[in-house]
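Read through the structure below, which is laid out as structure tokens, and then see the notes.
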């Protein structure tokens, strides 16, 4: 059959005996409903809502159409998440798109996804959020002028190193950080929402008059506006990366999605309305940091609270991105698509520390070489390419394998809409404004062929790699893990 069965006997990934040889090493199921909602909402509400509104407005040309883009992005994220919820109840394994592509389409496309995601996509997402955290953190120390790039990049690097320590120490510590920072950022967004409602009540509605005047009609411009808006919603699929660590995943996964994503969508729309109530469209477009400009206009001497809130928000989002991103690397290694050392967990902390350390290292390289806007567009193109492939896998299962047991079913029209949107988001920028960078991305994806056939297909492993793995096991105090049989 096309569906791949789980491996049951694999000497490289067999269980490791601890203490008396009876306890099997595996990641703990410590993510409940509240932590699940926090992981989704906490990752989604990061830098995007504080940095992307000006770019969405820039590409759409007016306030009303930019608000429509924000609403459409929220609806698309909800449809995508509901589709993933059904996949998560059919294939109850961690790893998100990677594990779904592996079980449905097979080893080769799954390897290309893992290769691209582990080396570029996930580290790029983490780097972009950490750069925005650094920008807001450093800004108060350089009033009246732009912050030096060295200070921003060093602060972003320090953020990644702190997150690495937190996530390597304890899963419960990482989820506690998510819960605390999610509460803090929701409070900050509520302040902006209430401030906006007060301004509207006072009659500051000039930004919404002739709201659709000057709307951009180009498919490429609309596609890039979607990229910037969807960046703010990125994280809607994060819970699927940690399915094996969920308590009662068949219940927790759909419920957490249905709570978190509508909540975030409503907040985003209200925050955008608040920005436009406080600023004219031209002021919003000229603002380097929209939320800070809003704070200066509305809160006066208390404006520093917004900078603090944004820093807290982006730090919490970075933690969620890091938490799930490390799991992709870990699961891919467990399936034999990455070096074995990355599939191991710390024998005492029970965290996938080698995978987390590798993700951290790749993100640090991204920070050194990239800027926020370029990373966002590059990340979005690659992400939606693989989202589309994953959704097409769900459609295959719904049509060809309806007998597979699943505790949740999404109406077939929803994944069809998501697939059409993914095709549009991938093709629109290429058709409207072809860029050489997209060619480089596609070439990088297919460069994985060079590694797949010798290392995965024909299992050629140089002897020195086995020795390096043993040394790293001893150094990092890690051992192979078993899958959690949900």
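Any Cβ shown, glycine's included, is placed from N, Cα and C.
Remember, TrEMBL labels are computer predictions, not curated facts.
Pulled from TrEMBL:
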{"type": "COMPBIAS", "residues": "1-10", "note": "compositional bias 'Basic and acidic residues'"}
{"type": "REGION", "residues": "1-20", "note": "region 'Disordered'"}
{"type": "TRANSMEM", "residues": "31-52", "note": "transmembrane segment"}
{"type": "TRANSMEM", "residues": "64-85", "note": "transmembrane segment"}
{"type": "TRANSMEM", "residues": "97-118", "note": "transmembrane segment"}
{"type": "TRANSMEM", "residues": "154-174", "note": "transmembrane segment"}
{"type": "TRANSMEM", "residues": "180-201", "note": "transmembrane segment"}
{"type": "TRANSMEM", "residues": "256-278", "note": "transmembrane segment"}
{"type": "TRANSMEM", "residues": "298-317", "note": "transmembrane segment"}
{"type": "TRANSMEM", "residues": "354-372", "note": "transmembrane segment"}
{"type": "TRANSMEM", "residues": "378-397", "note": "transmembrane segment"}
{"type": "TRANSMEM", "residues": "409-431", "note": "transmembrane segment"}
{"type": "TRANSMEM", "residues": "437-456", "note": "transmembrane segment"}
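No contact links the transmembrane segment (154-174) to the transmembrane segment (378-397), because fewer than 3 Cβ pairs that are 6 or more residues apart lie under 8 A.
Remote same-chain residues near the transmembrane segment (64-85) are listed as 40, 44, 53, 56-57, 96, 208, 211-212, 215-216, 222, 225-226, 229-230, 232-233, 236-237, 240, 253-254, 257-258, 261-262, 264-265, 268-269, 272-273, 387, 390-391, 394, 408, 410, 414-415, 417-418, 421 (criterion: CB distance under 8 Å, separation of at least six residues from the stretch ends). Between the transmembrane segment (31-52) and the transmembrane segment (409-431) there are fewer than 3 Cβ pairs closer than 8 Å, counting only residues 6 or more apart in sequence, so the two stretches are not in contact. Proximity of the transmembrane segment (298-317) to the transmembrane segment (97-118) is not established, fewer than 3 Cβ-Cβ distances being under 8 Å for residue pairs spaced 6 or more apart. Of the Cβ pairs linking the transmembrane segment (256-278) with the transmembrane segment (354-372) and spaced 6 or more residues apart, fewer than 3 are under 8 Å, so the two regions do not touch.
By the count of Cβ pairs under 8 Å, the stretch nearest in packing to the transmembrane segment (409-431) among 97-118, 180-201, 354-372, 378-397 is 378-397. If one looks beyond the transmembrane segment (354-372) by at least 6 residues along the same chain, the residues whose Cβ comes under 8 Å of a Cβ in the stretch are 47, 51, 118-120, 122-124, 126-128, 130-132, 135, 153, 156-157, 160-161, 163-164, 167-168, 322, 325-327, 329-330, 333, 341-344, 472, 476, 478. Beyond the ends of the transmembrane segment (378-397), by six or more residues, the same chain brings 2-3, 80, 83-84, 86-87, 90, 97, 100-101, 104-105, 109, 113, 116-117, 120-121, 124-125, 128, 227, 230-231, 234, 237, 404, 412, 415-416, 418-419, 422-423, 425-426, 429, 437-438, 441, 445 to within a C-beta distance below 8 angstroms of the stretch.
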